[in-house]
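Asker: If you look up Swiss-Prot, you'll see 30-74, 41-62, 47-68, 51-70 marked as disulfide bond, on the strength of similarity to another entry. Residues annotated as signal peptide in Swiss-Prot, with experimental evidence given as evidence: 1-27.
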């Protein structure tokens, strides 16, 4: 009987642990116009590098308006 109880508790613990790991969700992100990027934005990675290194944000991308937009957590 004791082995069955230990096995059942172990199984329950594993199920709860897996359920907790699945419940983790991704943070929402927002885009803002870069505060300090100068010049036209062309898709060569400068905007992304600028947003990460100078503004300490998640990423950056050039949009159709040739301006640099940085991505941050909302």
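Glycine is no exception: its Cβ is also placed from the backbone N, Cα and C atoms.
From a predicted model like this one, the values you see are computed outputs, not experimental measurements.
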Asker: Is it possible to get the count of other C-beta atoms within 10 angstroms of the C-beta of residue 68 (disulfide bond)?
Answerer: 25
Asker: Which residue, of the disulfide-bonded residues 30, 41, 51, 74, has its CB surrounded by the fewest other CB atoms within 10 A?
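Answerer: Per-residue Cβ counts within 10 Å for the disulfide-bonded residues 30, 41, 51, 74 bottom out at 74.
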Asker: What residues, ordered by sequence, lie under 8 A Cβ-to-Cβ from residue 62 (disulfide bond) and sit at least six positions away in the same chain?
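Answerer: Long-range Cβ contacts: 41, 42, 43, 47, 68, 69.
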Asker: Within a 10 Å radius of its Cβ, which of these disulfide-bonded residues (47, 70) has the fewest neighbouring Cβ atoms?
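Answerer: Comparing Cβ neighbours within 10 Å for the disulfide-bonded residues 47, 70, 47 has the fewest.
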Asker: Measuring Cα to Cα, how many Å separate residue 30 (disulfide bond) from residue 70 (disulfide bond)?
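Answerer: It is 8 Å, counting Cα to Cα.
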Asker: Quick check: in three-state DSSP terms, what is residue 51 (disulfide bond)?
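Answerer: Going by the DSSP assignment, residue 51 (disulfide bond) falls within a helical segment, counted as helix.
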